[in-house]
Amino acid sequence: MHLLTLHLLLLLLGSSTKAGEIIGGTECIPHSRPYMAYLEIVTSENYLSACSGFLIRRNFVLTAAHCAGRSITVLLGAHNKTSKEDTWQKLEVEKQFLHPKYDENLVVHDIMLLKLKEKAKLTLGVGTLPLSANFNFIPPGRMCRAVGWGRTNVNEPASDTLQEVKMRLQEPQACKHFTSFRHNSQLCVGNPKKMQNVYKGDSGGPLLCAGIAQGIASYVHRNAKPPAVFTRISHYRPWINKILREN
C-alpha cells in the first residue's frame, strides 16, 4: 500500500516531496482557529520540513510523531504563514515527546507532544483547543472538520493560508486497504466518493468534531483519495495527561 505521511519536505527534489495542502476545502476565516500552530522543522538530515499542530496548553502543542526533527520552531497566531502580523508568536520547542510505541514504518501511535521553551501569551489570535475525553469513542457517521496548511491539490504548491475541509468519520472497513490501520487507536475519515481530504503539509493538524479535537492527521494514500487515517486522541489521553502532569 502506498502510504503518504502528510508532513512537508521543503528542500528535497521530486514530485513526491513537494509541499501540500487541504484538498476540496475552503480558506478559514482569519484567526477563527486560534489554537493552530505552524511547525517549522529542521530534520535529522538537515532538511527543512513543515507540519501543522495545535496548542493544548500555553506551553504544549500536540502534533504527529512523524513530524519530529532535530529542532522545531512553532508559529502561533498565523493565518497566512508568509505574511507577518501582530498576532504572531514564534516559540522554540524545548523538548519533543514522541509516543514510546511510535513505529515510523507502520505509522502507528503517530502522536507527539511539544513542550515550548516559553509559555504562549493567550490573545484573540492565540488560544488553546480542548481535547477528546478519556476513551470517548466517537462513532462513525459524524461530520467533522480537518484544518491545516497542506496542499489544495496533489500537484499544486502549498497553501500560504490556513484551510479547512468537512470530512465524515467512516466505518473501519473503509480503511481496510491500509494494512496497519487499527480502529481502537486510529480514525478512518473521509468519504471515498468525494475528493475532500488532507494532504502533504497537513500532518499533525486536528480533526475537529463539535469544537473538540478528536484526531490528529497522520497519513493518506499517495493519490490523495479518501479516506485518510487520523490518530484517535481519546485512546491516548492517559499518555497525554501523564506527560502534561510530569512536565
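Placed from the backbone N, Cα and C atoms, the Cβ positions cover glycine too.
Counted within 10 Å of its Cβ, the other Cβ atoms near HIS66 (active site, charge relay system) come to 21, all protein chains included. Secondary structure at HIS66 (active site, charge relay system), taken from DSSP and collapsed to helix, strand or coil, is helix. The active site, charge relay system annotation in Swiss-Prot covers HIS66 (among others) and is backed by similarity to another entry.
Just so you know, the Cβ of ASP110 (active site, charge relay system) picks up 28 other Cβ atoms within 10 Å once every protein chain is counted. Annotation note: ASP110 (active site, charge relay system) sits in a coil segment as assigned by DSSP. Per Swiss-Prot, active site, charge relay system is recorded for ASP110 (among others).
SER203 (active site, charge relay system) falls within neither a helix nor a strand when secondary structure is assigned with DSSP, and so counts as coil. For SER203 (among others), the entry in Swiss-Prot reads active site, charge relay system.
The disulfide bond annotation in Swiss-Prot covers CYS51-CYS67 (among others). Cβ-based neighbour count (10 Å, all protein chains) for CYS51 (disulfide bond) stands at 31.
Residues or ranges marked as disulfide bond by Swiss-Prot: CYS144-CYS209 (among others). Taken residue by residue with DSSP, CYS209 (disulfide bond) is part of a strand. CYS209 (disulfide bond) has a Cβ environment of 20 other Cβ atoms inside 10 Å.
Sequence annotations record features per position, and here Swiss-Prot assigns disulfide bond to CYS175-CYS188 (among others). Secondary structure at CYS175 (disulfide bond), as computed by DSSP, is helix.
The feature domain 'Peptidase S1' is assigned by Swiss-Prot to 22-245, with sequence analysis given as support.
Residues or ranges marked as N-linked glycosylation site in Swiss-Prot: ASN80. Annotation note: ASN80 (N-linked glycosylation site) sits in a strand segment as assigned by DSSP. Sequence-distant contacts of ASN80 (N-linked glycosylation site), defined as residues of its own chain at least six apart whose C-beta falls under 8 angstroms from its C-beta, comprise PRO30, ASP160, THR161.
Residues or ranges marked as signal peptide by Swiss-Prot on the basis of sequence analysis: 1-19.
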Of the recorded positions listed as CYS51, HIS66, CYS144, CYS175, CYS188, the one whose CA lies nearest the CA of ASP110 (active site, charge relay system)
HIS66
Select the closest residue to CYS67 (disulfide bond) from the following recorded positions, measuring between CA atoms: CYS144, CYS175, CYS188, SER203, CYS209.
SER203
Across all chains shown, how many C-beta atoms besides its own are within 10 angstroms of the C-beta of CYS144 (disulfide bond)?
23
Which listed residue (CYS67, CYS175) has most other Cβ within 10 Å, given these are disulfide-bonded residues
CYS67
CYS188 (disulfide bond), number of other Cβ atoms within 10 Å
23
